[in-house]
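> The annotation region 'Carboxyphosphate synthetic domain' is assigned in Swiss-Prot to 1-402 on the grounds of sequence analysis. Residues or ranges marked as ATP 1 binding site in Swiss-Prot: R129, R169, G175, G176, R208, L210, E215, G241, V242, H243, Q285, E299. The feature domain 'ATP-grasp 1' is assigned by Swiss-Prot to 133-328. If you look up Swiss-Prot, you'll see Q285, E299 marked as Mn(2+) 1 binding site. Residues or ranges marked as Mg(2+) 1 binding site in Swiss-Prot (evidence: sequence analysis): Q285, E299. Annotation comment: Swiss-Prot describes E299, N301 as Mg(2+) 2 binding site, evidence class sequence analysis. Feature annotation from Swiss-Prot assigns Mn(2+) 2 binding site to E299, N301; the stated evidence is sequence analysis. Marked as region 'Oligomerization domain' by Swiss-Prot on the basis of sequence analysis: 403-552. Look at Swiss-Prot and you will find 679-870 tagged as domain 'ATP-grasp 2', backed by sequence analysis. Under the heading ATP 2 binding site, Swiss-Prot lists R715, R754, L756, E761, G786, I787, H788, S789, Q829, E841. According to Swiss-Prot, the Mn(2+) 3 binding site annotation covers Q829, E841, on the basis of sequence analysis. Residues or ranges marked as Mg(2+) 3 binding site in Swiss-Prot: Q829, E841. Annotation source Swiss-Prot lists Mn(2+) 4 binding site at E841, N843. What Swiss-Prot records for E841, N843 is Mg(2+) 4 binding site. The domain 'MGS-like' feature in Swiss-Prot is assigned to 937-1077; the stated evidence is sequence analysis. For 937-1094, the entry in Swiss-Prot reads region 'Allosteric domain', with the evidence type sequence analysis.
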Amino acid sequence: MPRRSDLHRILVIGSGPIVIGQAAEFDYSGTQAIKALREEGYEVILVNSNPATIMTDPEFADRTYVEPVTPEFVEKVIAKERPDAVLPTMGGQTALNVALALHDSGVLAKYGCELIGANARAIRVAEDRKLFGEAMEKIGLRCPTGRTVTSLEEALSAVEETGFPAIIRPSFTLGGTGGGIAYNREEFETIVRRGLDLSPVHSVLIERSLLGWKEYELEVMRDCADNVVIVCSIENLDPMGVHTGDSITVAPAMTLTDREYQVMRDAAVAIIREIGVDAGGCNIQFAVNPTNGELIVIEMNPRVSRSSALASKATGFPIARIGAKLAVGYTLDEVPNDITKTTPASFEPVLDYVIVKCPRFAFEKFVSSDPGLTTQMKSVGESMAIGRTFKEAFQKALRALETGRSGWTIAERLQDDRLTEGSKEELRGALRRPTPERIFQLKRAMLLGMDTKELYEITAIDPWFLDQLRELIDAEQWYEKLTGVDAVSMRRMKRLGFSDRQLGALRGQSESDARAERWALGVRPSYKMIDTCAGEFPSSTPYLYGNYDEESEAATEGRKKVVILGSGPNRIGQGVEFDYCCVRAVLALREQGYETIMVNSNPETVSTDFDISDKLYFEPLSLEDVLEIVHREQPEGVIVQLGGQTPLKLTRPLEAAGVKILGTSPDAIDAAEDRRRFEAIARELGIEQPANGTATSVDEAVTIAQRIGFPVLVRPSYVLGGRAMEIVHDEVSLRDYFERAARVSEERPVLVDRFLEDAFEADVDALSDGTDVVIGAVMEHIESAGIHSGDSACILPPYLIPAAAVAQMKEHTIAFAKRLGVVGLINVQYAYKDGQVYVIEVNPRASRTAPFVSKAIGVSLPSVAARLMLGETLAEVGFTQEIIPPYISVKEAVFPFNKFREFDPVLGPEMRSTGEVMGIDDDFGAAFMKSQLAADNALPREGTVFFTVSDGDKPTAASLAGKFHSIGFSIMATSGTAAFFREQGIPVTSVLKVHEGRPHGVDKILNGEVQLLVNTPLGKHAQVDDEKLRQAAIANRLPYTTTLTAASAAFEAIAARRTREPVVRSLQEWHEILRAPGAVESATAGSTQPAGVA
């Protein structure tokens, strides 16, 4: 069938911020879908609140609305733009839930809008556990024994049928949020209550546990003519009980018999037909009983998913792109395969290689949280690797995680493998409970002589995988004993995925010595193409992976080449913002005629899409892998400053190996990162810093702290995301910090800074061509000093820091850029206190604010930076003047505290946010309100504000309580705070602290008597009370703030919401305002200063 001609305007709903369970894969999917629809001549409208995405850049969709992805705001966009259709399948669970809400409330019918890609019935039947179970029964397939319930009483009745352990799965949530495995009644009641609360329809499925069954996924596509293709099979290495996002996964499935696969395939085809997904793709999860092959259907996602992004990268079959074409009426045989250009999408992909995906976790950021892996997803990112065998791909995927392991290696310290003594008995206990370290504990168990049969009985990991892992140990032991290494034995080990570092360690060599030996033997990787057809048809897209076969399929062209190093797996501190920067650089350099070569290992991202760069190497970002690619490609140079800390760490070793680093020199990067060199430069430029010192021992740190005065900020050098950073108030706490968090030595110094309490902080992004410098933006942090810049909301342009101080920050930034010889991007962080500007740190690289600034000012900073690195000047690029918008942009952070309930959700100097959102409006209050709605922190319009604050905060809190009272809110406070408020004449209700008796503050929150919590940490003695309040707020989805500056901003937002409707404009319209004559000049003159919020 030809494309539908009755549709002209299509609204794509994005997924909003990066959260656990819904990450960069939806930027990738959405970007593909938008490109596919515009190719067909449709006008595309996008709603997405995440500024760090490529899809929200204004040139992708015709109209881009950076607005909250909520029914209310999507309705406003529909009312304004009047699209003919809504495509909800590219924005994860968020988009599906919003689309269904708009359908059910009659909004879509009112505006004559239809759902395409998946209709309302298909979404409802697939997502509603009860309806899905009934649909499976109708086609003769089994789901786990269980019952859908809407109350705790019903749940307790259901669990009598299923028994323990029981699985709890909430309906309509993402990443298993709110679900879990209960082994007893107490756990069961806790998880059910949470699941009912977090499910938008307040229903959960209670099902019989299938722990120990094997878990599989199929990616399936269907068109309007009822053609169905299976794109990819995926097998979870971990058995049922671990969320698929937290499991190591393998494609294609390895341990299914041919008959089992055919049964599963037939089931998948029957399922997609019965559910009614008739123009797009879906992901179907199955469990297989390892003893008799019995098949059970777990669930289906009627949309693109994390697994479909993985399947797309694994096969080269672009599921989202093809799904968008199917949604507008094409059939599979009418859509060409973009990789081969000669075969249609109705040809199922065939793999002649193996893919392994490994999840990346962030438990080090949430130390008190439970590292056990269950049905609720906890990983924050993932790596993918491609090899000729499972063993090769597995080791490469572990290396690509960038957690310090060079392959399947056990840690030097037992505690790093989550063990204390490493005995067989301890290992047996540890292996029964899935954690991120279990895969390494398995190696320890094998080295202690535990056999496959015993390990299978303990872990339920299929014996095939256990035997594959054992063969890696056998190979290590064989290699260790060789008297000499020749090319044959070296190639054998490389084909098993062993890195140079691993091979060196086995024979007492350094990594560089092992590499030199390998090169001397003439053993170097070849590169093969991913072509969707196992080499049956020629591939036109260079999408490559390294291996140690003799034959290479990578052709090298004669054009000038640039290698861009990506950022690897997403993690807290290094997220999709850096992928955005890499993609913008690639696109800018392609426009300038360069051959762009992307190196990355993250299957979720736009940068690893087959058509973004001229050539994609899907390889780990290790020195070994990058050196081999540079050796083969011989580029003009390598760009390291856009991918965060991952490529920056490679700067010095690459330079030492003779590789040209483009842009800012490695020496300048080192001068900014090395505290002693940086201090000397700041002194030379006459720029103030907080008093500080560098310690190489605990005693030295204590001496420095006593000299400069407590409180101090302590942190290791060369970290991203504030890793192991803390504010310390006394010597005892300082010594405790070194015991817990930081190993200190000459090679690993720790920085000790005087902490500037109650200072304002600001970020400045700028561009330099080596001679001239232009400010990109100055952003003021809403949270006060001491909270990591990545976790603080920020506003552009600044609103409380005096104009003279802002001007001084700009001057300092220009001075640093010139002194360091920056070519490309630079980010500088400042503090302002008592009339003095202090520099905190200088980063001569892309910062995580670059995408936000690019959206706010209408200029892509990374695109300009890439051209500067290749020798153009700011004047030649056309960016010669700072742009200060006449509107307000707010960036807000989004946190995963709902996944880590045991962790105290208080903000500090260590970054914990997973993503960000943006709010844009004409004034601060409305922009901040939008940012809170987008971050799922909806502020109340009325009700009770509960204050519990430290003594030093009481005067400011009283002023704020008075403001809330003046607009009709009731005020509640703990005794000390309440007494102070009464002295100021503020009506207030007293409430007990947790240790004072019942009913206390937590009871009030749990009973729904509080609509906003303002809680500033009260010091050690009240820590337990504080923590319980904040955890209750998280559990009850109650908006809360832990700083008074954020509470002031919340007041402004609530007041704005009560006085006017928010402005809904597309990004293109906001940028038109910038281009209006005199707009930027008037802004520069200070006309955009919003009302103060403190």
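The backbone N, Cα and C atoms fix where each Cβ goes, and this holds for glycine too.
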> How far apart, in angstrom, are the most distant Cα atoms among the ATP 2-binding residues R715, R754, L756, E761, G786, I787, H788, S789, Q829, E841?
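The two farthest binding residues have Cα atoms 18 Å apart.
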> In whole Å, how far does the CA atom of E215 (ATP 1 binding site) lie from that of E299 (Mn(2+) 1 binding site)?
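Per the Cα atoms, E215 (ATP 1 binding site) and E299 (Mn(2+) 1 binding site) stand 11 Å apart.
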> Which entry in the list of binding-site residues, V242, L756, has its Cβ near the fewest other Cβ atoms, using 10 Å as the limit?
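Fewest other Cβ atoms within 10 Å, among the binding-site residues V242, L756, is found for L756.
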> Which of these binding-site residues is closest to V242 (ATP 1 binding site) if you go by CA atoms: E299, N301, R715, L756, Q829?
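Looking at Cα distances from V242 (ATP 1 binding site), the smallest one goes to E299.
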> To what whole number does the mean pLDDT across the region 'Allosteric domain' (937-1094) round?
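Across the residues of the region 'Allosteric domain' (937-1094) the model's pLDDT averages 82 on the 0 to 100 scale.
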> So, three-state DSSP: helix, strand or coil for E215 (ATP 1 binding site)?
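SS state of E215 (ATP 1 binding site) = strand.
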> If you compare CA-to-CA distances from H788 (ATP 2 binding site) to each of the binding-site residues R129, N301, E841, which comes out shortest?
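That would be E841, the closest of R129, N301, E841 to H788 (ATP 2 binding site).
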> Would you mind listing, in sequence order, the residues at least six apart from R129 (ATP 1 binding site) in the same chain with a Cβ closer than 8 Å to its Cβ?
G146, T148, R169, S171, S203, V204, L205
> List which of the binding-site residues R208, Q285, E299, N301, E841, N843 have their Cα within 10 Å of the Cα of Q829 (ATP 2 binding site), in sequence order.
E841, N843
> Using the alpha carbons only, what distance in Å do you get between R715 (ATP 2 binding site) and E841 (Mn(2+) 3 binding site) once rounded?
13
> When DSSP states are folded down to helix, strand and coil, where does Q829 (ATP 2 binding site) land?
strand
> DSSP on the region 'Oligomerization domain' (403-552): how many residues come out helix, how many strand, how many coil?
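Residue counts for the region 'Oligomerization domain' (403-552) by secondary structure: 76 helix, 10 strand, 64 coil.
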> Across the domain 'MGS-like' (937-1077), what are the DSSP residue counts per state (helix, strand, coil)?
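Result for the domain 'MGS-like' (937-1077), in helix, strand, coil order: 75 helix, 21 strand, 45 coil.
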> Provide the three-state secondary structure of R129 (ATP 1 binding site) computed with DSSP.
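In three-state terms, R129 (ATP 1 binding site) counts as helix.
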> At the level of the C-alpha atoms, what whole-angstrom distance separates Q285 (ATP 1 binding site) and L756 (ATP 2 binding site)?
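Checking the Cα atoms of Q285 (ATP 1 binding site) and L756 (ATP 2 binding site) gives a distance of 52 Å.
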> Using Cα coordinates, what distance in whole Å links R208 (ATP 1 binding site) and E299 (Mn(2+) 1 binding site)?
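If we compare the Cα positions of R208 (ATP 1 binding site) and E299 (Mn(2+) 1 binding site), the gap is 14 Å.
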> When you measure from the Cβ of G786 (ATP 2 binding site), which residues in the chain that are at least 6 apart have a Cβ under 8 Å away?
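Sequence-distant Cβ neighbours: L713, I727, F755, E757, G908, P909.
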> For the binding-site residues E215, E299, E841, which Cβ has the most other Cβ atoms within 10 Å, all shown protein chains included?
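Output for this query is E215.
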> C-alpha of L756 (ATP 2 binding site) to C-alpha of N843 (Mn(2+) 4 binding site): distance in Å?
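With distance taken Cα to Cα, N843 (Mn(2+) 4 binding site) is 20 Å from L756 (ATP 2 binding site).
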> In DSSP terms, helix, strand or coil for H788 (ATP 2 binding site)?
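Coil, per DSSP.
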